[in-house]
Amino acid sequence: MIKLFSLFIYLYLISNLKLINTINNTPVIGILTQPFPSSINIKYGDNYLMASYVKYVESAGARVVPIFYNQDDESLTTIFKQINGILLPGGDVDFKTEIQYVKTLTLIWDYVLDVNINGDYFPLWGTCLGLEEIVSLQAESFDVLTDFNAENYSIPLNFSNIALESKIMKNCPTNIINSLANDPITMNNHHFGISPNTFDNNSLLNQFFNVLATNNDKSGNEFISLIESKDYPIYAIIWHPEKSPYSWYSKDATDHSFNAILACQYMSNFFVNETRKSNHKFNDEEVLFKSLIYNYNPTYTFKETHVEQIYIFNTSTNNTKNDFNINQIFSKKLFIIIFILIILFFK
């Protein structure tokens, strides 16, 4: 009997040790870059990433690797196998013309589904445009998206009756739930979205996702604000929590109150905590260091874009705007030094 009891204790300790070992406290999250839209008048660079999304993830204890949308499939898949989750940020992308971007989106979606179906834990998060992308990928059509009058518009959420039992909301503190439900702290800034009616009539969507919150736009039309997958760690929101702590355009309807900051922090903490359950890792530390966002400099772009900071990438040279200018200056100085040395040599 004592031996049996000892065996039970041993198995219990081993199982808990394994559980502890599955928690990854050094998560690395990939954030997808985007092609420059016509609304951003930048004359160089072929990718960009708003710095607020990087800060959003870093504030919850994760590091960031940019996922360049125009990389080849093999390079992208290699990255996916080493990071612990992916964030699809908000932005402005024309799905009809940006073929390579949509191709990369599809690769991401197929990978996320495949590994999660096969028992790997690999979270995906979408914000604003990211929600539109996730529902379109699952519906296998961008036609599920509808026009909405929801730009520069802060409102409370209308939670569904299953929201508080959901993965994303069940551990949310009551004060944050009350703020989200009663205060205008969710900043919407989107032309498109998905209506509950479209969702309910699409089995690819309603069998895959649970709707946790909705809103009404300025014209009274209802759109979906918060969804999560029924079976996998896939989450999407239509509003911009990252704007509350990191965006300061005075004409934006962004709420910067303490409650809005708490709501943002809850969302970022939740997602990053989900990525801690992923056991992906970089086997080569040098590859990790070279991949991190720290290798790039954000550029202050408020005057041009009303967005404080943007990472500008030129994947043909792998430089940011700041790196590019520094290299140019360095090259000019080097040329001058060599020229002077040649003159002195022949004197």
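Here the Cβ of each residue, glycine as well, is placed from N, Cα and C on the backbone.
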Feature N-linked glycosylation site, as given in Swiss-Prot - residue among N24, N201: N201
Alpha-carbon distance [N158 (N-linked glycosylation site); H240 (active site, proton donor)] in Å: 16
Neighbour count (Cβ, 10 Å) for C128 (active site, nucleophile): 26
Under 8 Å by Cβ from N152 (N-linked glycosylation site), counting only residues of that chain that are 6 or more apart: N188, N189, K251, D252, A253
Those residues of the chain, 6+ apart, with a Cβ under 8 Å from that of N273 (N-linked glycosylation site): A60
